[in-house]
Amino acid sequence: MRPNLLWVDKILDENNEAGVCIYDLAFKPDGSELLLAADNKVYLFDVNEGGQMQTLKGHKDLVYTVAWSHNGELFASGGADKLVILWNEKHEGTLRYSHTDVIQCMMFNPCNQILLTCALNEFGLWSTADKNVIKQRSVVRCCSCAWNTDGTIFAIGHGDGTITLRKGTNATEEPSIIIQRDNEPIWGIAFSSNRTFASRDSQGNPMGIDEIMAVIDWNKTLSFYSLDGTFIESKNLEFEPHCISYCLNGEYLLIGGSDKILKIYTRKGVLLGTVAQMDHWIWSVTVRPNSQTVAMGCVDGTIACYNLVFSTVHCVDHARYANRKSMTDVFVQNLEYRTSSNICCHDLVKKMSLYDTKLAVQLSDKIQIYKQTGGVSKNERRKQLKYTLQDTIRKDLSFSLMVVTHGHLVVCNDEKLECYDFKGIKKRSWNMKSIVRYLRVLGGPAHRETLVLGTTDGGVYKVFIDNDYPILLDSRKTAIKCIDINANRTVLASIEDTLVCKWSDIATGETLLQEPGCYSVVFNTVNENLFAFTTNNMLHVRTLAAPGHTTRGVGYVLGFVKNRTFCLVQYNLIPLEVPYTIHLYQYIERGDFKEALRIACLGVVKNDWKYLANKALDALEFDVARKAYKRVRDRKMLRMVWELKKMKSNGEPDAILRATILAYTKKFREAAKIFKENGFENRAMELFTDMRMFDDVQEVMTTASGETKKMLMRKRASWARDANQPKIAAEMLISSGDLDKAALLIIDNDWLELAIEISHKIDRSDLETMKKLSAYFIRKHEFGLASRIFQSINDMKSIVDMHVNAGHWTDAFAIADRHPKYVEDVYLPYARFLAERDRFEEAQKAFHRAGKEQEAMHVLEQLTSNSVNENRFADAGFYYWLLSQQYLDRSQTEENLTLLNKAKEAASLADAYYAYYPVFIFCSQPFSFERNENILNMARYLTFTPYIDNISKVFVYFTIAKIANEMGAYKSARTALDQLTNLRVLPQFELDGQIEVMTLNIRAKPFTDVESMQPMCYRCGLNNPLLGGMSCIHCETPFIISFVSFDILPLIEFKIENDISFDEAKELIESEPPLSDDDYNPLRGLKKGIKEIILNRESLSKLEQGHVIIQTFPPPLAPKFLFNVMPSITIAQCKGCNKVFDLDDFEMACLRKGHCPFCRTSYDRNEAFFVDEEEDEDNTNIPSFGQFSRFS
């Protein structure tokens, strides 16, 4: 810091004999005027000129204090006459008010027009908004006052050492904070809003302070407090201070007092130096707003104005830059990665040096060595910098230059250089012939670094840390100002006092280049050929061979790393991007592609990389071209370079390589010209055909052979196909003889006529193409054409598959008849076709014809299981009956007793599910199509069956209870309800309530069934209980029921004697009985106790044919003979399932459903195999098998 005296003056008394004390000073906010409180007047000075402008009179006694408002419209004065006078901007008194005692100090609010005035025993607040002065008595004398920076709080220092802090809105309120101190009076208070002030908490951790208050007293103490009254720290002064003021936005602190010296401190109270030495006590000090100008007043009337100049202390090493901050801090930046670190030294920083990871800082009485510990490695470079104190050299060395290396500190004092280690031990010294003007570290191994220095006699020397003898590199005429050496230590650049920069070869001493008017020069740290230098506001970046880039309006260049220069502009080091386009083009023009690549790697734009790549490719510099194309990620050109390198390794001449490059860059005619000039007409022809330039290829094709012309036709066909002209492409392929490719193209474009035409031309040995054509004809439904092709290649299997896939069953059956080996290929898909349409009997016969018995059984079993699980019990009964027939058929061929038992089991399940379906509908649906009597009979039938899957006994007994109760069978209803009490009723059926109601109601009914509801046995003629069983309880004769109404039919089973065959028995029954035995009944005359009725030949011959029903079953099941006891009741028999029915019920069921209600056999049953020739949408060429043909 260097103070410059601007002007000095002295205020004398009225007799101009002795000076008067200057009690207070105040700058106008715009800095143009300075107020002085001296004697009983207010003096105005012109700050710029230093002359007295005006003297204001209005006070009758000494004026102690003056203050300007924040906007410069008002200023105030007060003094021993107890008056406060307000003056306007024209220096006219506008208002005055008084206190009860001497006015000691005053200050305007920094944000509004509120004035704080302090007398000895009171203080008050005045504002332009409220003309009344709000006053508050003070027990202790008021000595000083100050507002904080935002005007919300004001502080008053008292004579007993206490400080009171109050809110700026009301003076009458009690102090919000009272700071108790020693008994010494507080003569100065100042606030600073600098947020970088740091204190420490109770645990020793640093904490930030928003705003601080500095306080001075005559106990020779400078103290700091926060706004909440917390003590921060204190500093001891060697004098009695009287005035204090912050300057430069709170960065520094000015204090004056009894030692007659105005001193400058840091914001933390660290002494930095002296501003001025006066002859008497310094009583007041103030700082000009927004400037570095300081005014001070002394007891003897002296007024002086100084301008503070802060010199720049800095150093640079490659991309790292360190500079002094706030006089006591070192701020280190890595300008390349934009990271930084602030080092607090708590002392005045005099000099510093930076090298690699080391930083040396000279303080007042010591030198501190720091080591970079954060942001060093490649992975941490983008993280925050961190420096740690490594060593301290506690010596007060005097020197002009200082540099640091890995393990040493080198200082220079005039002609002498001294080397110290980090412990302060002197290791080596060098004595030069003249004063050393410039010193820097070039680098080198640790503890063996190289220094370069310049002297005032023009000598440039190189010094090694471990060598006692300096080496002369160059001699200039005048003193050396700046030196640098390139990266490979071959070229030296030096600037002398005449500002002439010379570049010379270190080995030979030859001058390579000279430039006048240079202020600084630096070589690039990566590329030894690049350097930068500055002239008059110009930055030049060039090489020794050619001029380069020039930028206007920069300072001094201090560093040059990769594509960035670091220039010092005033006090800031600014990184500037260097465009290398000019240098790149210069190297390319000279044909030096390797150096051009090195320049490009420092940083050029994408277009420059492309230009370098293309030029290197033209020059057949494939390595450079590959690296350049890789930078722009041009994969196409990278592949081309790879192919060119491969061609070159295979011995291809340069002419072919250049022609290939021209072809890749779409210069086809130039490439073809090179091909023809070098005797490669074939390559020229391939080039033109690949690019579909057929007009140009004709010139090359004049002497071509037939095979070559065919190749041309193929190329044209390929081009036509790619150009979306497939028809032309097909014609070209036909002309060239590529019928297989032409056929594929015709098929892809769906040209049926061309496909028919080409099918006659294709060789029959080309099976693949013929099959593709036939597949195309099948898609177009041209089955005749496809069949003709298959026949021509003798592929009968494909014909069968074609008819099967198309559903042409008639044609498929005809082929299967002619060729038995294709029976399975025809009937197996046909069986699946029928099964998908629920034509299961026909599907089973088809499966049987195809020899797939297991698959037929699996399909039927799966359908049966699904029907039961889905509660489709009518279908379940039907499927179980079909399943029983299948088991029965298989038992005949395999003679397996297990299959016979399965057939019987399936038949019984069929009966049960058939009977359960109306019961299920009655319980689960609101309406039923069956009569209640029939449903009751079916439920009665189910009560005597064992437990079967999905047949609910709850539904069975609920049906009996409900219908029997309605029809007067109260006993049966009560029995059914009793059974329900032993069963669990599922809640989803919602039957619990109905069952409970019926149970209560049935108690009021008689425990009997009406006689009409009791089944009668047609053999003994006695009635049976409704729930008595499926056989008579008297004679044990089994009941035979009608499978529509489930009523008991008047049928009694009889058997024939063992020696009578079935055919004989049938013949006897069908014979005409004797006239005398028209009403013959075999039950008459039977003895009691006989259960089975066995008839001999005589009895059979007496039977009426219409009274006998014969049920025939496939072997090994025996036929059954049933006798109609009541011939007046006509009995119907289904020939499909052999079930017997009441004729009226059977006819009604068949009329309603169109088939037998049990086995679904239609009336027009036809067991013969036939084919329906009609083709319609629902039934196209589908053959029918037997009795189920109508129920698909």
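A Cβ is built for glycine as well, from the same backbone N, Cα and C atoms used for every other residue.
Here the structure is a predicted model, which means the values were calculated and not measured.
The repeat 'WD 1' annotation in Swiss-Prot covers 17-57. Note on the repeat 'WD 1' (17-57): its mean pLDDT in the predicted model is 92.
Under DSSP, the residues of the repeat 'WD 2' (58-97) split into helix, strand and coil as follows: 0 helix, 23 strand, 17 coil. Summarising the annotation, Swiss-Prot assigns repeat 'WD 2' to 58-97.
Among the features that Swiss-Prot reports, repeat 'WD 3' is placed at 99-136.
Annotated repeat 'WD 4' per Swiss-Prot: 138-176, in sequence order, evidence recorded as sequence analysis.
Per Swiss-Prot, the feature repeat 'WD 5' maps to 236-275. Counting same-chain residues at least six beyond the ends of the repeat 'WD 5' (236-275), those with a Cβ under 8 angstroms from any Cβ of the stretch are 1, 3, 187-194, 196-197, 212, 214, 216-218, 220-222, 224, 281-287, 292, 294, 296, 298, 306, 308, 326-328, 346-348.
Annotation source Swiss-Prot lists repeat 'WD 6' at 277-320, citing sequence analysis. Below 8 angstroms of C-beta separation, residues 1-12, 18-27, 29-31, 34, 36-38, 45, 47, 50, 242-248, 254-258, 260-262, 264, 327, 332-337, 349-356, 525, 558-559, 561, 564, 566, 568, 571, 573, 575 of the same chain, each at least six residues beyond the ends of the repeat 'WD 6' (277-320), sit close to that stretch.
What Swiss-Prot lists as repeat 'WD 7' is 475-513, and the listing cites sequence analysis.
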Residues of the parent chain within Cβ reach of the repeat 'WD 3' (99-136), under 8 Å, 6 or more residues beyond its termini: 24, 64-71, 73-74, 76, 78-80, 82-84, 86, 142-147, 149-151, 154, 156, 168, 170-172
Contacting positions for the repeat 'WD 1' (17-57) when only residues 6+ beyond its ends and CB under 8 Å are counted: 6-11, 63-72, 75, 77, 79, 81, 87, 91, 93, 105, 283-291, 293, 295-303, 305
Outside the repeat 'WD 4' (138-176), six or more residues from its ends: residues with CB under 8 Å to it: 104-112, 114, 116, 118-125, 182-193, 211, 213, 215, 217, 219, 225, 227, 229
